[in-house]
Ligand code: NDP
Ligand code: MG
């Protein structure tokens, strides 16, 4: 039996992880954490019987505790709850599927407890990549990518031990506004931005995909995961989302991973690496697949992607500011407080206002996050 804990079990990645568990009979779920959706969490508890459950919201945690009185389970709340789930004794792998920088402390705690990480929560690597990657080495734990592009890169690196990566070709669908000008994007409403052409995901990452900020976060994620420079990661727009990413080696050979867009593949691959298991679902049919097309990304109209490269190249606390400003801006856009293009305006203003600290500690990263939120509140 493989034992796993899931941070963010009620979300898009969390529920698909549980689908993988359901389809395979040899994974035990020992701990689950969610934000506030206790209706779904209760169902998951009754189906998967974890030893610990955590709910961020204290009131909801109390309510859940009451609802599951008949079961032998510990229910915790807040950051202590997330940390308890991340370090649950029995788990070998922790799936980090919470959204946002909230994932940093639990991920570090899980690694300190010797757990491998199946990492979906890219914001953690973007902001604290230097800390996470060196801790992984020190603690001899693995960071197994769940993000589809990074899983594709990871799969394209199989058997290439010792061979240097020349370039990473990170594919992007381009999102619902591919080909649009900023002028056309002015009037974009929440509903428009939540319609992704190929993937069904949580609300925050769906907005990030529409602005291509998600791709920017992924460039930084790739740089840490695979130990390359920002400029070795090249974004290639591939609108059909068939090629999930590629690696170019020094002799010019390009190795890619292809498949239908289904997050269960990278999730299952991370949980069973290096073994491949049967996965039900649609397969690529090359006879039906009319075409696979490529484009260069539009850095001018998708300013968020340019800002991500700027933040990643500069490093220090700047990626944290990029990420925190985006988290707050996306929330404000979803709450209909700001217009669509203000998302990137906020990121840019916060980056310009910030004085970069090199090689930040976790405390300094969290302080830069708070400073960014305060700056945004003072300006918008
Ligand atoms: P969702 O919004 O669908 O789910 C987020 C999960 O985190 C929910 O279970 C939510 O609980 C929980 N959560 C939120 N805040 C807290 C908190 N403070 N404490 C505990 N739990 C919390 O997001 P996604 O699944 O789409 O994304 C998760 C991560 O994976 C993100 O970092 C995203 O970038 C990354 N990712 C997602 C992909 C996808 O296909 N969805 C693809 C690649 C990467 P509740 O339901 O109770 O609010
Ligand atoms: Mg991705």
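Glycine is treated like the rest: Cβ placed from N, Cα and C.
The NADPH binding site feature in TrEMBL is assigned to 10, 11, 12, 13, 35, 37, 121, 123, 202. Secondary structure from DSSP puts residue 121 (NADPH binding site) in coil. Residues within less than 8 Å, Cβ to Cβ, of residue 121 (NADPH binding site) and separated from it by at least 6 positions along the same chain comprise 7, 8, 96, 97, 98, 99, 100, 103, 107.
Long-range Cβ proximity for residue 196 (1-deoxy-D-xylulose 5-phosphate binding site), meaning a same-chain Cβ under 8 A and a gap of 6 or more residues, is found for 173, 175, 176, 206, 209, 210. According to DSSP, residue 196 (1-deoxy-D-xylulose 5-phosphate binding site) sits in a coil region rather than a helix or strand. If you look up TrEMBL, you'll see 122, 148, 149, 173, 196, 209, 214, 215, 218 marked as 1-deoxy-D-xylulose 5-phosphate binding site.
According to TrEMBL, the feature Mn(2+) binding site maps to 147, 149, 218. Sequence-distant neighbours of residue 149 (1-deoxy-D-xylulose 5-phosphate binding site) (same chain, 6+ apart, CB under 8 A from its CB) are 170, 171, 218, 222, 244, 245. A helical conformation is recorded for residue 149 (1-deoxy-D-xylulose 5-phosphate binding site) in the three-state DSSP classification.
As annotated by TrEMBL, domain '1-deoxy-D-xylulose 5-phosphate reductoisomerase N-terminal' applies to 4-129. In the predicted model, the domain '1-deoxy-D-xylulose 5-phosphate reductoisomerase N-terminal' (4-129) shows an average pLDDT of 98.
Residues or ranges marked as domain '1-deoxy-D-xylulose 5-phosphate reductoisomerase C-terminal' in TrEMBL: 143-226.
According to TrEMBL, the domain 'DXP reductoisomerase C-terminal' annotation covers 258-372.
A separation of roughly 8 Å, to the nearest angstrom, links the Cα atoms of residue 122 (1-deoxy-D-xylulose 5-phosphate binding site) and residue 147 (Mn(2+) binding site). Ranking the binding-site residues 10, 12, 214 by other CB atoms within 10 A of the CB puts 12 at the bottom. Across the residues annotated as binding NADPH (10, 11, 12, 13, 35, 37, 121, 123, 202), the widest Cα-Cα separation comes to 22 Å. Here the domain 'DXP reductoisomerase C-terminal' (258-372) has, by DSSP, the following mix of helix, strand and coil residues: 61 helix, 2 strand, 52 coil.
Distance from the CA of residue 147 (Mn(2+) binding site) to the CA of residue 12 (NADPH binding site) is 12 Å.
For the domain '1-deoxy-D-xylulose 5-phosphate reductoisomerase N-terminal' (4-129), the number of residues in each DSSP class (helix H, G, I; strand E, B; coil) is 62 helix, 28 strand, 36 coil.
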